[in-house]
């Protein structure tokens, strides 16, 4: 009788490199964004221009995301295939998951714009109001959940149980990231509201 170890080869270096890249990315952007918020670290590198700093972080996050996805795909190719994940049903489900995931990611990017997507609020570039339309009326973090669905879709498309395991890592890492990001971002907007109320009282 086969076991999970027959289909998830933990001895493959690419598997662990994929785990490392999955964990690294949100750790990096949260660390960089908080450093920017507290110390203006990135803005200082661009002569005090916070918009340029945000764009630079956006390019960096986008680039390391591509690298992470490339490593993930290479990791899948080194892993065993499970016969139950290679049929037409699995392929159809894979396409549905991958398509749904990308729709969530792309529509959230469209709704938020570059600065809204790539942590502009940590640079003091705040949105006028919270986005509540699609896809944010479906889930609170469509980029994270969409990315997770895309990872799972890829795992099923290639028929790799190891990809399902790595998708689990993605899900856990994003859930942890949200526990840090949501309260912090909420605090940024609460601080803006507090300052606006103070300014409103002064102008009377």
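Numbering starts at 1 and runs along the chain as displayed.
Every residue, even glycine, has its Cβ placed from backbone N, Cα and C.
Curation does not apply to TrEMBL; its annotations are automatic.
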_Do the topological domain labels in TrEMBL for residue 44 and residue 119 match, putting them on the same side of the membrane?_
yes
_For the feature transmembrane segment as recorded in TrEMBL, pick the matching range from 70-91, 92-113._
92-113
_Most distant Cα pair in Å, residues 99, 100, 101, 181, 182 binding S-adenosyl-L-methionine_ = 26
*State the residues, same chain only, that lie 6 or more residues beyond the ends of the topological domain 'Lumenal' (116-158) and have a CB under 8 A from a CB inside it; answer 'none' if no residue qualifies.*
29, 33-34, 36-37, 42-43, 50-51, 53-55, 57-58, 61-62, 72-73, 76-77, 81, 85, 90-91, 93-105, 107-109, 164, 166-167, 170-171, 174, 177-178, 182, 185, 188-189, 192
*So among the binding-site residues 99, 100, who's got the most Cβ atoms within 10 Å?*
100
*asked:* Below 8 angstroms Cβ to Cβ, which residues of this chain, lying six or more residues outside the topological domain 'Lumenal' (34-45), approach it?
replied: 53-54, 56-57, 119, 122-123, 184, 188
*What else in the chain is close to the topological domain 'Cytoplasmic' (180-204), if you only count residues 6 or more beyond its ends and a Cβ gap under 8 Å?*
30, 34, 37, 121-122, 126, 130, 140
